[in-house]
Each structure stands twice: as C-alpha cells, then as structure tokens.
Amino acid sequence: MSKIEHNMSLTAEAPAKLSTTQRLASGIGLVGLFILVLAVANVNFPNKTLFLTLSLGLIAAGTIIFANDLYLGKHEGIKNDGVWFKSLSGRGFWAWILGICLTLFYVVLYWYPQYLGLNADGANTGIISLFDPLSQFISGNPASQWFVYGTLYTLAILIFGYKFILKYRNNRYEVIRTFSVMFFQLGFAFILPEILIRLNQPYYNPANIWPLNYDLFTDYKINEFLSAGNIGVIMLAFGLISIFVITPILTYKYGKRWYCSWVCGCGGLAETAGDPYRQLSNKSQYAWKIERWVIHSVLVFVTVMTIAVLYSFLGDSANDFWLTKDVFLWGAAGFLTFLFAVIMIFKRKELAKDAKYGAIGYLVVILSIISINYFSGNGNIFFFGGYQLREWYGFLIGAAFSGVIGVGFYPIFGSRVWCRYGCPMAAILGMQQRLFSRFRITTNGGQCISCGNCSTYCEMGIDVRAYAQKGENIVRSSCVGCGICSAVCPRGVLKLENDDMGGRINSEEVLLGNDVDLMDLVNQKSK
Amino acid sequence: MEHIVIIGNGIAGITCARHIRKNSDAKITVISAESDYFFSRTALMYVYMGHMKWNHLKPYEDWFWEKNRIELKKAWVETIYFEEKTLHFSSDETMKYDKLVLATGSVYNKFGWEGQDLEGVQGLVSKQDLELLEKNTKNCKKAVIIGGGLIGVELAEMLKTRNIEVTFLIREEAFWHNVLPIQDAKMISEHIKSHGVDLREKTELDKIVANENGRVKSIITNSGEEIECQLVGLCTGVKPNIDFLKHSALETDKGILVDEFLQTNIKDVYAIGDCSQLKQPLSHRKPIEAVWYAGRMMGETLAQTLTLTGNEIPYKPGNWFNSAKFFDIEYQTYGNVSAKPGDNEMHFHWQHKDNTKAITIAFDANSNKFLGINTFGIRMRHSVFDQWLSENRKIDHVLANLKQANFDPEFYTHYEKDIFKSFKENLQKA
C-alpha cells in the first residue's frame, strides 16, 4: 500500500489522491478542452465537424470515465469524504484558478465575443467557427457566441448530471430530479429554440419564465411574437400564463423546487457542475440578511424595468389597441397594490418586521416611480428611458450578476450565488413558497444530533440545523428543494414534504422524547 | 442576581443554559476546558473525514452567547468547595455560584490493559482526542480498534477514509450484539466487512506491545495472535467523567447520583447528561444513558426546576429512541428491542435481499403488544412510533399501518407490502 499523505490539524488538507484511472480520465477530458483552447487561439481546424466531435466527445468521455471510477464499485451512499481537503472543492489554490478562468470566460463571452471569433462582417473564426457545423445541423445557421455557450452549458449539465446521478444513486429523489433538469436543458433550453429558428419561428424556450427571462416582454421580442402569427401569440400567451397561472399553482402544490431544482437551467448547472461547491455557501445570519435585501431589490428592478419597457412599447390611443400606456400603468400599479394588500391582510402574522418594512418600502418606491412618471408625462422612468433601463439591467444583472459572479465564482462562494442573492424568479417563487405553499421540510421528532451536515451541504446557505435541532419545520423562501440536506442527514431527520397548510410553520420547541407535559409547559411559556 | 454555573458545554449543559435563559434573567456561566464554543460531539468524525470543518460543528454562531447573556469561560475546574459554593480552577482563580449544574460528560474506558497508555493508543470522545487522532494517524498504515460499539464503527469508517487498514476486535459474536438482536447484528457485521474492515468476532484484547520508542507496535489478542499496528482505538464504551469529584462530599457511584429532580445529595448542586446516574430510573430507562438525546432532555427538564420557584419538575423521559449510522446503513430505534429476548418477547425480522435494509419488531408473546422496532436503511417517523408505543398498540396494527411511519425521501421504493407478507407467512409457519 502506498504511503499516505498527511498533514492536518483540524483545518488542513489530507489525502485526496486521484487514482490512475482518474488521472487518465482527467487527461482525456483536458485534451478535449485543449482543442477548444486551440480554437480560441485561432487554430483553424481542417475538418471542423471531426474536431468538434472529438473535443466534446473527449470532454464527455473523460468526465464519464472519471465518475465511473470514482463512484461505481463503491457502496451506494454519501460521498463527501475529503470534500474540504481537496483544493478544488475546499477553496484552495485550484479553486481560485478555476474561478478566475470561469470569470474571464464570462467576461469575454458577454463583452468581447470578437475574441471568440465573432465577426461583425464575414464568417465566424476561432472557437465559434468550430461550432458552425453543429449549429448548421440543428438550426441551419452559423453559430454565435451564445450557441457555443449553450452547447457547452448543456454538455456540462449532461455530463456532470451523469456524475451527480452516480454519486447519489442511492437516492431516487436526486436521480429523478437530475434526469428532469437534464431533460429540460437539452430539450427545452437547447434544442427546441434552435429548431424553432430552423422553422422560421421566434427563438423561444417555454421553461425560461419572466422575470428570469427579462427580455420576454421587450419590444423586439413582442414584435417577433406578433409577426409570427398564431404560434407567436401562443408563445406570448404561454409566457403570461406561466408567470400568472402555472407558476402559482405548481409552487402552491410542490414549493419552488418544481422550477428551481427540476426545470431551471441556472439551477440545473448549479446542481450538476456546481455540486462539488455546494458546501461553500455562507450560512451566517448576516448573509441571510444581505440575501433578502439584494434579491428583492433585483425583483423591484426587473419589475420597474419591465413596466418601463412595456410602457414605451404601448401606444397612447385606445383606438389602436385597448391596452394603452395609461391603462397599463394604472393596471400595473393596481395589481401590485392588490398583491401587497392580499399579503398584508392574510399573511402579516407570518412576516418578520423587516419583511414588512421592506415590502412597504418597495411598494412606495414602485408606486412613486410610476406616479412621477405619469405626472411628469415625459415617458421616462427613473429619468431614464425604458430601454436604457433594460440595458443597464442586462449589463448589471443579466450578465455581471448571473454569469460572471453567479457561475464564475462557483468554486469560491458556492454554486447558488445567483439563485440565492440575485434571481428575481426565485424571489417571486420564494415569496409564494413562504406564504402560499404546501411544501416544507419536516424534522423527525427528536432525532436531530445537531451534527451540521444539513447546513454545511445546503447550497442556499440555509442553516437547516437551526430548525432541525428545535424540531421546527423548515419553511424558507430560499429553499430550492434540492433534497441534499435530507440525503446527507446521518440520522434520518429531514424529509421534503407537501402537506396541508395548517401547522406548517411551527416555531415551538417540539422535540420528541421528553415528558409530554413538560414540553407543553415549555411551549406555553415561550408564547 | 442569582448565579447559575454549569460545568460542561456539551449538549446537556448548553440545553440547560438556553432553557434557563428563556425563563429567567439569572446570571449564567458555562465552563469548559475542551472548547471555546458548544459543538456537536457526534459530528467529530465528519471533520476527520473532510465532510465538514470545525466551524460547521458549532450549532450556534459565536454571537449567540453574548446576545443571550450566556457567559462562556474556558477553564479547568480542579476542585469544588461545596460548602463555600466555590469552584477552584487550575489557574488558581475561583468562582462563586448559587446553583451548580454538573454536566461533565464522559471519558472513554480503559480496563487496565498492559500498554493502554502508550503513544498511539487512544479513544475518541473529545476535541482533544480528535486532534490527537490526527497526530497519531500521520504515518499510520494499520490500526486496531477494540470494542464493537457506536464509536468503534465510526472510528473504523473514519480511518478507512484515510486508507488505513483496520482490524476491528469485538467481544460478541456479531457487531453490537449486546444491543442488537442477532440478525440485525449479523447484517451490520457483514456490512462493516464489505467496507474492507477486518472484523474479528469473539476476539478480545490481551495486551498492547510497544516499540523501542514507546509507541504502539502491535497488539496481542486473547487467542495469542499478534497484530501489527500503529494505532489502537479504545472503543469499549464510556464512563462518567467524575474523577475530580471522587473524594468530595458528592455522592457518586459510576456516575453522580441524582434523584428524579436531577438533584445530587448536596443542595443546589445538580447533575445532568452522561455524568449523571439516576438513583431510581423509570422502568423502561437505564440509570446512565450516555446518549445525546438524554443529555438534551435532562437539560430541558432541569432548566425548568432551576427557574420555577417552588416547582420541581421530575425527569420523566418518554419512550426510548436512538439512532446511529453504520457506514452506509442508517439505524433508528423506537421503544425497546432486546438483544437477547426472553420468553415473553417475540421478534419479527425482515431483511431485504441486498442486506442494507431490515427491520426487527419486538412484541409481547402473550398479548401481541408492540414493544419496539429497530429499523435499518428505512427511515421511520418518530412521532408515529411514539404514539403507537404510548397507545399500547398491537403488532398487527403496527404492521398494517407501517406506511404511515415511513420517513424515506420521496420516490423511494416502499417495502411495507413485502414486510407485511413476510410477517403473515412467518406467523403461519410458527
């Protein structure tokens, strides 16, 4: 037996050696990646189809061989040995290198696509041209930087999804959920829109719902829908139905997990490629406070932006179309006030003080923006035009936050930074999950031993243990229902459940095991 | 202001402190020499295995204590002068108390083996033990674990993650057979072996042999076999950590003797958790229960007595329950399942063919009353079994409604039908 590497106090690293097969597999994958790097460096491959296939094939093969060697032949069960010892998953040297590489990739992708080979006039070069054959094959058009990104993104979800499934093959919830995100990424996010393009229809992914898809109600998109005839109208209608009908129903029944960890592409990447980094999320109460302010501010931003964009799109005269600027503006104001009123009337007891202040503050901000705009009559919101606002949103939130920080910083801040602090869709679903949903994570009587596996492996930074050790249900707006807390619990304490709304939020000490009368006494006094 | 001093910042002491604070404004001081902050002792293994870092073991953030006005003092209590109500620390400092709660926990057993104090020989109970284990396994290729209990199997799992060969000596004919019925014990034995652990049943330690540097070199079993190793894990149970109290006026036996109100023989002095020994335990409970849950419940109970004037609350734990994990197999138990049932206790055992899931249900041979269940690899709902036990349900009821008690994640395969069928067939045979 080989000598074992060691050096650790309670925090240092320890053995995390790769097997020969794993080294070989890493090599294979890196060769595939190297082909892409060469393409970025403008190496003009003779047979692009061959080299693209080779590249993607080697990356996939490397990952699959690696995962097989890592997990198959071992017992089914939790596989977190050495997570904090490994450089890559324990915020070590390689984590920083990977983080920087990913960040640079996103910066180039969003703001300097010419370095990837996107040429304003003339054919693609570089890595984008390498993807031309695949793009031609699917949509009939040459590739763009977004096609390259989409392909790599989908590949990552598929191959790391495979790895995830092997890792958690003892847990059917995880296996089925992962098949679901793989399916929605491949079918809905990647192939369907490209095929629609081939059929001369608008680019449309039905699983990408407003406000995550913040462009859905912009003028160019609406014009595209309207000019596409019936199918375009159906798409537009489905977009509206998704956010106003389907989303509330499914979230009521299953919690926000139906979207965030079963359908969404951002969640899909976080759950698969991001899985090795889930433990890096910040669990402190301070981080939770920041989270609540930031994510809801993004939601307000996207709401104002969308209202502004639609406002400038609509006409003034009711003769052209019943939905005029005025009708829309007052309708939006009325709808938001109505939502606010419903929550305050029926659910105010379940809201913390700062949540109430926040809600009131945000409503005042939105309404005053709307009325300033209305009474000043210049058609600008925030003194900017709607489209300027949209551009800022796209730059700050759509690109910098969700891409550069959200994914680029996986190895440093964990895999769900965007979903936790930024995603306005998650904010809407979360609000509903907290207030109007049957979903909760229940804790099993008195079995919790406060070990902390649940909190450590919560990618959303929820301190699950804080609830479990009191016997309290976990009803948190940020919970995406990934189910990992339940999986890693060594004592069978946590279970994701959908049940009646009554008694869902229980803030009493309800640990089982002790004298029943005593616990009644404890609870009476804490009231 | 009344000063309540708690010695020990484990689950018992900390639970007590938290509940005192809920009811009262008394000054609370918690003393520990082991760690600055409360941590989950049961999770020490996960730090060694790299699942978590030390900070993850702390159930409360560091600001929690100041916010709740619970003073934490890192110090070692050398002597307690009960008459003066004063603690003397190893640093020569002293501290006055009005009420004293002893929650000093456990230390691991040493049964006087030759070589038990050599370098490389240790148990695993405290933070310091974990740090020592890091040191002791630095260049360790082979370890021997003595004693087939919960800490032993955890230590085996820990060492396997560092690629250390493990030989595991147990006295019984199968793992933890002093607690688990034989089929359960055998299944776990096989599972431990399947993880590459050299499990030796019916084997005991005779002595530990030193090398020229005074480090462990090998052990010799009671059959005379010598097993080379660089680490010996002593996991033959724990005992109350009360040595520093032995020659005081405090009445002790194995542990600190307490009455039903968790009060010792000295006024205003109480003992809870692993270090306490109930003079008259309830019929279904043991005098010393060195488990997390008992420590927690004693803390909950005592805090009421300490804060409600003239209202002593007896410690009356409900139905027994416990849990553990043996490598990949989770174990939960509710009620009482005897390892070696007498004539009045019948067992129904079901085991899945993959040998990672099983249940054993104990019931009264005459009345068919449900007595308890061991469940392996299938999670069960505590509240449901607690209710069935309290309602004196019969085994038929339990088996017919087993699905209600299932706590496995969604989409898991259910085995209730299989279990029910197996039960019926076995009854017909019997």
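A Cβ is built for glycine as well, from the same backbone N, Cα and C atoms used for every other residue.
Summarising the annotation, TrEMBL assigns domain '4Fe-4S ferredoxin-type' to A:439-467, A:470-499. Residues or ranges marked as transmembrane segment in TrEMBL: A:24-45, A:51-72, A:93-112, A:146-166, A:178-197, A:231-252, A:293-315, A:327-346, A:358-376, A:392-413.
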| query | So what pLDDT does the domain '4Fe-4S ferredoxin-type' (A:470-499) average out to? | reply | 95
| field | Other parts of the chain folded back onto the transmembrane segment (A:178-197), taken as Cβ under 8 Å at six or more residues beyond its ends | value | 135, 138-141, 147, 150-151, 153-154, 157-158, 161, 164-165, 168, 203-208, 261-265, 267-268, 271-272
| note | Relative to the transmembrane segment (A:327-346), the stretch among A:51-72, A:93-112, A:146-166, A:293-315, A:392-413 with the most Cβ pairs under 8 Å is A:293-315
| What parts of the chain pack near the transmembrane segment (A:146-166), using Cβ distances under 8 Å and only residues at least 6 beyond its ends? | 56, 59-60, 63-64, 66-68, 70-72, 109, 116, 127-128, 131, 134-135, 139, 174-175, 178-179, 181-182, 185-186, 189-190, 194, 265, 268-269, 271-273, 275
| request: Find the member of A:51-72, A:93-112, A:293-315, A:358-376 that has more C-beta pairs under 8 Å to the transmembrane segment (A:392-413) than any other listed stretch. | output: A:93-112
| remark: Long-range Cβ contacts under 8 Å made by the transmembrane segment (A:93-112), restricted to residues 6 or more beyond its ends, are 87, 145, 149, 399-400, 403-404, 407-412
